[in-house]
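> OK, TrEMBL features for this one:
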DOMAIN    14-197  domain 'Citrate transporter-like'
TRANSMEM  5-21  transmembrane segment
TRANSMEM  27-45  transmembrane segment
TRANSMEM  57-82  transmembrane segment
TRANSMEM  94-123  transmembrane segment
TRANSMEM  135-154  transmembrane segment
TRANSMEM  174-197  transmembrane segment
């Protein structure tokens with residue numbers, strides 16, 4: 001029981017520091033190292049490890065990333081973001097557009113995909129209008145994390161629940177119980193950003 005906890009703590013620490021001595025580590029390398037240690041120490045058998053891989057989730061992730069990259073390379077997302085962000089007359093409106101726009105989008109295209117697509121767009125907006133980059137990226141992080149909750153497509157965990165649990169129409173079930181809490185939390189995120197970044201917003 002103690003070994004998996006030690007491995008988990010070690011993985012979290014390495015993800016936080018991303019480096020051992022002069023060796024820089026990628027997140028996937030750290031996760032792979034943790035998995036190998038778990039297998040070597042026989043915390044889980046190879047057979048059970050393979051059984052734990054959910055092909056539905058893997059194919060879902062692959063498909064969503066392909067769709068996301070296709071939307072990005074087509075230029076449609078840049079066009080759409082320009083149409084949305086140009087309506088913002090001040091920083092408050094821009095933050096609200098990001099929170100609710102990216103929040104709703106993450107419920108459709110998955111938050112991981114939105115992180116890949118949205119980050120370069122907001123960096124461009126930050127440079128163009130001389131806005132604090134940290135504020136915009138934190139706003140995006142809040143938006144895609146909170147917004148993804150209300151849809152079975154929002155994140156891999158939701159998709160796993162939707163495919164494994166007997167929810168009937170999972171879209172309706174998620175929306176019915178999580179739409180209002182999601183909207184409330186998006187607005188709460190806006191207030192928190194305003195409180196902690198008064199000077200830049």
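Quick reminder: no glycine exception, Cβ is built from N, Cα and C everywhere.
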> For the transmembrane segment (174-197), find every same-chain residue at least 6 residues outside the stretch whose CB is under 8 Å from a CB in it, and list them.
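For the transmembrane segment (174-197), the far contacts come to 92, 95-96, 99-100, 103, 107, 132, 134-135, 138-139, 142-143, 146-147, 149-152, 158, 162, 167.
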> To the transmembrane segment (27-45), which of 5-21, 57-82, 94-123, 135-154 is linked by the most Cβ pairs under 8 Å?
5-21
> Do any residues of this chain, six or more beyond the ends of the transmembrane segment (135-154), have a C-beta under 8 angstroms from a C-beta of it, and if so which?
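Contacts of the transmembrane segment (135-154) (Cβ under 8 Å, skipping residues fewer than 6 from its ends): 64, 94-95, 98-111, 114-115, 118-119, 122-123, 125-126, 161-162, 170-171, 174-175, 178-179, 181-182, 185-186, 189, 192-193, 197, 200-201.
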